[in-house]
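Below: one structure, written as structure tokens.
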Amino acid sequence: MTLPRILIAALIVCLGALGLLLMAAPDSPDRASKSPVADSSVPIGGPFALVSHQGDPVTDTDFRGRYLLIYFGYSYCPDVCPTELAKMTRALDVLEAKGLDLDPIQPLFISVDPERDTVAQMAQYVTMFHPRLIGLTGTPEQVQEAKDAYRIYSVKSGDVDSDQYLVDHASMILLMDQNNQFMDFFSSRESADEIAATLAPLLPPQSANAS
């Protein structure tokens, strides 16, 4: 990863941590002290325990040995989330068309809206995207732990007292290595082809007997 991208990634970490600090501040003074330190030494990625769109318990250790493409969003998102997930799908389709094996990489969609993103809702939503995509949700506490681990900021907006609220959230596709360590990220400015070009060297060719 080039120096400019490292600096941008560090800035995203700082902004995400700052968002968490601001969210914690109104409740109590000691909550802020438990928030991540807003500097580039804060790692991106960590343990999580969620539930898949098939209803199975899932932890980060279930994906050891695979690269992860992770997008945090929510199924009721009107525009950004489906756009980014569709871009992820196109990138994976490009790689398949090039004859590369997708087995070493696992795309994940982690909800930031656990109140509405039930297992059934996620199961329906992920069918619109790549068949390898796994949707993950959980209790509010489980989702918050995952957000904290990956330094993702989100907050409800609009009519928060109804079920028609929106969720403002950080929007980027994270690339994690086979040990769940941060490798790179893709912003909304990067195309599916650019994502595919970054992923291609990580993937082997499809075997001759692959279906």
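Cβ from N, Cα, C; glycine included.
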Per TrEMBL, the disulfide partner of Cys81, chosen from Cys14, Cys77: Cys77
Residues flanking the Cu cation site, with Cβ no more than 8 Å from the Cβ centroid of Cys77, Cys81, His169 and excluding those residues themselves: Phe72, Gly73, Tyr74, Val80, Glu84, Val112, Val167, Ser171
Distance from His169 (Cu cation binding site) back to Cys81 (disulfide bond), taken between C-alpha atoms, in Å: 10
In the chain carrying His169 (Cu cation binding site), residues 6 or more apart in sequence that have Cβ under 8 angstroms from it: Phe72, Gly73, Tyr74, Val112, Ile152, Tyr153, Ser154, Val155
His169 (Cu cation binding site): secondary structure state under DSSP, collapsed to three categories: strand
Disulfide-bonded residues (Cys77, Cys81), the one with most neighbouring Cβ atoms at 10 Å: Cys81
